[in-house]
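Read through the structure below, which is laid out as structure tokens, and then see the notes.
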Amino acid sequence: MGSTQAGDIEHGLTPRRSSGSTFFPRTPTPSKPSQYTALEASDAKHSLREHLDESVGQGVRRLARTVRQHAHAPQLLTAEVTDKLRRDVKDSTRFYWQNLLVFQTEMLCGVAAMLLMIPETVAFSYAANLDPLNGLYATGFLGVAVSLFGGVPATVAGAAGAVAMVMPTITSGTGSLAYLTYEERLQHLFVAVTIAGILELVFGLLKLSKLFSMIPRTAHIGFLNGLALMMFISQKTTIEVCKNDTMRFGECEIAGDLKWMSVSSPTTWVTIGLVLVTMAIMHYFPRTPYIGHLIPPTLVAAVIGVGFEFGINRPLLGYDVRTIGDTSPLDGGLPTFAVPKFGDVQDWGVVLSTAASIMAVGLFESLMTLQSVVDLKKEQLSQTATRKECIAQGIGNVLCGFFSGMGGCSMIAQSNGNILNGARYRLSSFMGGICTFLVVFFASSVIERVPVACLTGILFVIVIHTFYWPSLKLIFRVKITDSIAIILVTVLAAAMNLAIAVIVGVIWQCLVNGWQSGLLLTYHTGMEVVPVVNAHDRTADHELLTSHEEAKVYYVKGQLLFSSVASFREFFDVQHDPNVVILDMRDCIFADFSAVEALREAAMRYRDAGKTLVARNLDPKSLDMLNHDFGWDSVEHIQIATPGTATNGDELVKSKIDKERPSRYSRASQASQGSLHQLHIPSPCESSTPYRAAGP
């Protein structure tokens, strides 16, 4: 038995159910069905109990169901992780035993990665107003954690500059916690790093890393430019000295007791000269034939700086340039385990905001690093890899919080250098972390001899390579909104915070895109003749009177969202429209809840005018949004079937799917009065002959 193309649409009241059969003349040519939706808007007020039952109650029930379904998930997950780790260790051992040349390459790349990271780690530690040991511990723990659990093999992680730029909010003597002692500020930082690690774990476990794919290119550019400016500004301490000659520089920096070096002092110019020499080595040494690609330029710069300082400058010239040991001594040794003092936190607002910034900036730079690494390896970045990276980084930062590390993330330059050196597997980054610990344990006295000016020169070269120089021309070529986004993120990153800058850039771009999408909503109108049955006029108990009326059709095209609602309201001419209005949404998409509210408002306007509004060709997502809205007496989906498929004479049976609210939600509106229409919408090929409705 076939189905008809007709459906009952009642206006002003909840649609009446008819039990009668409907007869149409046979139509030989089938046509594609259309979907119509009867919209019954409601202005009824609901009680608090009803709202709680629909919102909080439903949420609690769903949460309880999820907990029951995953009650044994932690035990199963632990067992799976243990088994997988055992298999991975066994497979890796067998692989490297069978490929000794690969093993040698990975080991050497790990040592090179360590040599590349240590000078930068020390520099970033000073930029964060921290002891270099805090940065070196972070590089060790993050290097091991990301190498074992990260998403892309050969990725190098450590105390990164982007994360270091967030920390002076807590650690600086002029920051938000300046009224606390340095040790108290340090404990606040470890709490923030631990919370950041937990947030990263949650991001990974809930697969929220895909949110970072929403960051526009303008925010990427602004992030890089802002990071470069922050690193540049942080190096001003290189040309500052202690006001109190009896104190170490690190103690003076913590106390805020610094002054600029004298322009007439030879030490000032020796310091600047050493910075420039380091920058020249960083730039030209990689181009040296045969050895340029074998030795990291940071190591060469550090060795030459130490040789100049202790072989020429101090014994012959006497213009001492400040070294790492002069700033603060490195007491190398094993990191001690200590649970962060959550109970001693005096300003949770600063701690939580810093933790969120560490998490956001760290994940953002890490995902940029992964994309850069897979591009070099000619591979594709998967969602699984980004999820693993979030989990690995969370594990690393939690370890940093418990072992006095400053925290960090994956590092773009070091990871790229590791890949270019020939690394392809996890062993290289693992060895980088292990070698960092070995240097801290046994060679801290060597690190103390490195001049701070060498670290500044290294950072200046990183600044030059980090800043996106094409943006200086790009802002004059792209749209004004994109130029504003680049400048806005750059300025906010340098002046406030990298995470806040990126978030503001995303919000700005979303507003711009929403506004522009709203301008694309258009419409045109047409007229169709439809048979209309007046439910109040009956010639007999089993017959209804039918008339033909013109229905106005609004064909809407574009996205209906918050920025286009105002234009959507202006489309309708309720006063002059006929009794039947059809809204064709074939080329329109509901983008947010504002679209549902706009449609409900239109339905109420036509209801109050005693007219009928029918929507057709709504996509499933839009229908779902309508069905979950409180503002409807009913959203009735009418299935219009293809004629000519009857198997018993000319009889076609009507198929209707009700999406009514529970009866308690529609009692108030059942008393409302309005014209009652029953609308039959035929398909284009159906005969226009008036139909007859049989009795029950």
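Here, residue 1 is simply the first one shown, and the rest follow in order.
Even glycines carry a Cβ here, placed using N, Cα and C.
As annotated by TrEMBL, region 'Disordered' applies to 1-35 (among others).
What TrEMBL records for 95-118 (among others) is transmembrane segment. Long-range contacts of the transmembrane segment (95-118) within its own chain (CB-CB distance under 8 A, at least 6 residues past either end) are made by residues 136, 139, 143, 154, 156, 158, 296, 298-299, 411, 414, 417-418, 421-425, 427-432, 434-436, 439, 447.
When Cβ-Cβ distances below 8 Å are used as the criterion, the transmembrane segment (138-167) is approached by residues 109, 113, 117-118, 120-121, 124-125, 127-130, 189, 227, 230-231, 234, 354, 357-358, 361-362, 364-366, 369-370, 373-374, 377, 381-382, 384-389, 391-393, 395-397, 399-400, 403, 405-411, 414-415, 417-419, 423-430, 432-434, 436-437, 440, 459, 462, 497-499 of the same chain, each at least six residues removed from its ends. The transmembrane segment annotation in TrEMBL covers 138-167 (among others).
As annotated by TrEMBL, transmembrane segment applies to 188-208 (among others).
The annotation transmembrane segment is assigned in TrEMBL to 214-233 (among others).
Residues or ranges marked as transmembrane segment by TrEMBL: 267-285 (among others).
Within the chain, the transmembrane segment (291-312) has long-range Cβ neighbours (under 8 A, six or more residues past its boundaries) at 112, 115-116, 119-120, 274, 277-278, 281-282, 285, 320-321, 323, 417, 420-421, 449-451, 453-454, 457-458. The transmembrane segment annotation in TrEMBL covers 291-312 (among others).
Sequence annotations record features per position, and here TrEMBL assigns transmembrane segment to 350-371 (among others). Among residues of the same chain six or more beyond the transmembrane segment (350-371), those with a C-beta under 8 A of the stretch's C-beta atoms are 151-152, 155, 157, 160, 162-163, 165-167, 169-170, 176-177, 188-189, 191-193, 195-196, 199-200, 203, 209, 212, 215, 220, 223, 381, 385-386, 389-390, 393, 397, 407-412, 415, 497-500, 502-503.
Sequence annotations record features per position, and here TrEMBL assigns transmembrane segment to 391-413 (among others).
For the transmembrane segment (425-444), the list of distant contacts is 92, 96, 102-103, 105-107, 109-111, 113-114, 117-118, 121, 133, 136-137, 139-148, 150, 153-158, 330-334, 418: same-chain residues at least six beyond its ends, Cβ to Cβ under 8 Å. For 425-444 (among others), the entry in TrEMBL reads transmembrane segment.
Sequence annotations record features per position, and here TrEMBL assigns transmembrane segment to 450-472 (among others). Here the transmembrane segment (450-472) has Cβ contacts under 8 Å with residues 119-120, 122-123, 126-127, 161, 221, 224-225, 227-229, 231-232, 235, 238, 271-272, 274-279, 281-283, 298, 301-302, 305-306, 308-309, 321-324, 326-327, 413, 486 of the same chain, all six or more residues outside its ends.
Per TrEMBL, the feature transmembrane segment maps to 484-508 (among others). Outside the transmembrane segment (484-508), and at least 6 residues removed from its termini, the chain residues within Cβ reach (under 8 Å) are 162, 165-166, 169, 214-216, 218-219, 221-223, 225-227, 229-230, 233, 356-357, 360-361, 364, 471, 474-475.
TrEMBL lists 541-626 with the feature domain 'STAS'. Taken residue by residue, the domain 'STAS' (541-626) breaks down under DSSP into 33 helix, 34 strand, 19 coil.
Annotated region 'Disordered' per TrEMBL: 646-696 (among others), in sequence order.
Sequence annotations record features per position, and here TrEMBL assigns compositional bias 'Basic and acidic residues' to 651-663.
The compositional bias 'Polar residues' feature in TrEMBL is assigned to 666-676.
For the transmembrane segment (267-285), the residues of the chain that approach it from at least six positions outside its boundaries are 238-239, 261, 292, 295, 297-298, 300-301, 304-305, 308-309, 313, 317, 319-322, 451, 453-454, 456-458, 460-461, judged by C-beta separation under 8 angstroms. Packing against the transmembrane segment (214-233) from elsewhere in the chain are residues 127, 161-162, 165, 364, 368, 459-460, 462-464, 466-468, 471, 474, 482, 485-494, 498, 501-502, 505-506, 509: each is 6 or more residues past its ends and has a CB under 8 Å from a CB in it.
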